[in-house]
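> First the structure, which I've put down as structure tokens, then a few questions once you've had a look.
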Amino acid sequence: MAIVALGVVYGDIGTSPLYTMQTFLNGQGGLAHTDRAAVLGILSLVFWSITLITTVKYVFIAMRIDNNGEGGIFALYSLIRKYGAWLAIPAMLGGAAFLADSVLTPAVSISSAVEGLETLPLLEPIMSGNKELTLMITIVIIVCLFAVQSRGTERIGRTFGTVVMIWFSFLAVVGLVNLSSDWSVLEALNPVYGVEFLFSHHNAAGLAVMGTVFLSTTGAEALYSDMGHVGRGNIYFTWPFIKIALVFCYFGQGAWMLNHWDDTAYNHMHGLNPFFEMMTPSVRYVAVLLSVCAGVIASQALITGAYTMVSEATRLNWMPHLQVRYPARTRGQLYIPVVNAVLCVSTLLVLAMFRDSEHISAAYGLALTVTMITTTILLAVYIWHDGKRVGAVVFTVVFLAIQFLFFFASMAKFLHGGWFTMLLTLAILLIMYTWNEGTKLERAQRRHMQPADCVPVLKRLHEDDSIPYFADNIVYLTSDPEMKRVDTDIFFSIFADHPKRARAWWAVSVETSDNPFTREYSVENFGTDFLFRVRIRLGFKVSQSIPAYIHQIMNDLSKSGDLPKQTTRYPKLDADPNIGPIRYVLIHKALMPESKVSQKGAISLQIKYAIRHLAGSPVKWFGLAPYNPLIEIQPLFLATERPPRLKRV
């Protein structure tokens, strides 16, 4: 399991050495403008950032705070939501920023690895300076990566872990080999070098260099988010090895820079990458192969994380219900086609706009600083209410100070492409916020009826032979989980302008269980043979094509005598003599022009309904399309006010 943990949680942080020092050199104006103070300074900042942010904040503190073993910003919010409604805002913002940054991770990880082909002597005549070919190879890999998502990654998960273990071992070895040429770089373990460099004239980038330093910590949030997949113990067990490998690699690159800063061959080399240059040409072939694999694995981890986060947001009613597939036997392995398509298109758009890793990394990380800040706020709230108030204050002051420094430093990336991820963050935040607000308004007007109030009226309609049958069975799908009541919307639908008389009315809700192959149902008939409340529980691997299950339930009740036999004079598609025709009805809400609702509420509802229209239809989710379901639009009653009276003239 520890090996699997490597593949799941360390892919992102494991690709940071590919581009962190390259971005540093670009910001300093090249290797020729980088002296010993600059190299020791950046190494010190990187080491202490990994130590404080990744090790202390996430590994030592955050992982002790879990929600039934699950980590991540949404799981954390679910744990503390009772302490204030305002906590939804940082949780939404952090989740939106994490999803936005997921678009850049595949682009920067894979493109930086593919660009290593340009350093291979055998391919240099073809690849050198040929940015278009590098871009095309990157695009092909990314398209293939997204194309195979629907097949699941369970079978290759253990392979991922093995590859990442080899990758980190490789980072440690090549770093140590170069470090052995100049052990003096270990002086950078002293934090004074980092602080002095940050404010010295040796630092051409100024405080913006912290935006580059932050790249070395970009996988830290994934450690916490994926805790539920691999377990806290496995991360505790493997993290020391990971950190040592990262330190060796970064310090090895530092030693190489110190040994070659005055080498004229590198003075005017554009996009110089110390990671590949510190290796001999023969070793670079292995490095490129492993780095591409590591980039794919890092991308896979972020894609899987995006699926999980969207699924969690749906359960919090912050996002619409989307079609979810489970290619594997575990619920953690899920696939959401809409999310996959959006991520793929957005990643390709990033590649089209920024072209190479140098420009992508210039935009990378800005949104993730927002996620880390919001996670710090939520963690501080938990620690505060856990009775450790002094610890909460110290934690908040220390880590917000560091992360706001990262944020303001990364704001220098805004005009260089950071605007794209911030725009994406705001778009996702808008979806979450308006969906949540719209859902609150809908629930505020939702009413329910007790059996004593509705059964007598339904009985009269059931026995009223003057009204023709609308259908033998009318099935309403409802999201209400309670079995001992009936949604008022269903009652209104039945007694609309033309009452829907039936031999039986059905209110059906569908729940998804954690057991992959659950197939069970429960029924409440309220002491009647014409009104049934049904709850169907299906495993997450089971098809949610409802008609087949409804038909089986009706047959079971008919055989048990709870449902009278329904004979029909005309042939039916299913040729079942005991069950009459079935009509499905779905109720959608719509805002009335005269509804008394605030402008903000009206906008939230309008956006929610627009998103719902684009996100897909329950008709497709529940396999109802062949049955021609009736979709009813019911008004959303929100303290409606009487319209002004007309004057007769």
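Just so you know, glycine gets a Cβ as well, placed from its N, Cα and C.
Remember, it's a predicted structure, so these values are computed and weren't measured experimentally.
According to Swiss-Prot, the record shows the following:
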- 1-21: transmembrane segment (TRANSMEM)
- 42-62: transmembrane segment (TRANSMEM)
- 84-104: transmembrane segment (TRANSMEM)
- 126-146: transmembrane segment (TRANSMEM)
- 159-179: transmembrane segment (TRANSMEM)
- 195-215: transmembrane segment (TRANSMEM)
- 235-255: transmembrane segment (TRANSMEM)
- 286-306: transmembrane segment (TRANSMEM)
- 334-354: transmembrane segment (TRANSMEM)
- 364-384: transmembrane segment (TRANSMEM)
- 390-410: transmembrane segment (TRANSMEM)
- 414-434: transmembrane segment (TRANSMEM)
> Which of 84-104, 235-255, 286-306, 414-434 has the most Cβ pairs closer than 8 Å to the transmembrane segment (126-146)?
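Per the Cβ under 8 Å count, 286-306.
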> Answer yes if the transmembrane segment (84-104) and the transmembrane segment (235-255) have at least three CB pairs under 8 Å among residue pairs 6 or more apart in sequence, and no otherwise.
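Touching, no - the transmembrane segment (84-104) and the transmembrane segment (235-255) miss the threshold of 3 or more Cβ pairs under 8 Å.
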> Within the same chain, where does the transmembrane segment (390-410) have neighbours whose Cβ lies under 8 angstroms from its own Cβ atoms, ignoring anything closer than 6 residues to its ends? I mean 6 or more beyond.
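Long-range Cβ neighbours of the transmembrane segment (390-410): 49, 52-53, 57, 61, 207-211, 213-214, 365-366, 369-370, 372-373, 376-377, 379-381, 383-384, 418.
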> Top stretch among 195-215, 286-306, 364-384 for CB pairs under 8 A with the transmembrane segment (42-62)?
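Most contacts with the transmembrane segment (42-62): 195-215.
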> Near the transmembrane segment (364-384), which residues from the same chain, at least 6 beyond its ends, have a CB less than 8 A from one of its CBs?
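Distant Cβ neighbours of the transmembrane segment (364-384) are 53, 57, 61-62, 65, 73, 76-77, 79-80, 83-84, 87, 90-91, 93-95, 97-98, 100-101, 104-105, 108, 211, 214-215, 218, 220-221, 224, 391-392, 395-396, 399-400, 403-404, 406-407, 410-411, 413-414, 418, 421-422, 424-425.
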> How about long-range neighbours of the transmembrane segment (414-434): same chain, 6 or more residues beyond its ends, C-beta under 8 Å?
92-93, 95-97, 99-101, 103-104, 313, 318-319, 346, 350, 353-354, 359-360, 362-364, 366-367, 370, 603-604, 607-608, 611
> Sort out the residues at least 6 away from either end of the transmembrane segment (286-306), same chain, that have Cβ-Cβ distances under 8 Å to it, and list them.
7-9, 11-12, 14-15, 18, 98-99, 102, 105-106, 109-110, 112-114, 116-117, 119-120, 141-142, 145-146, 149, 153, 160, 163-164, 166-167, 170, 174, 219, 222, 225-226, 275-276, 279, 333, 339-340, 343
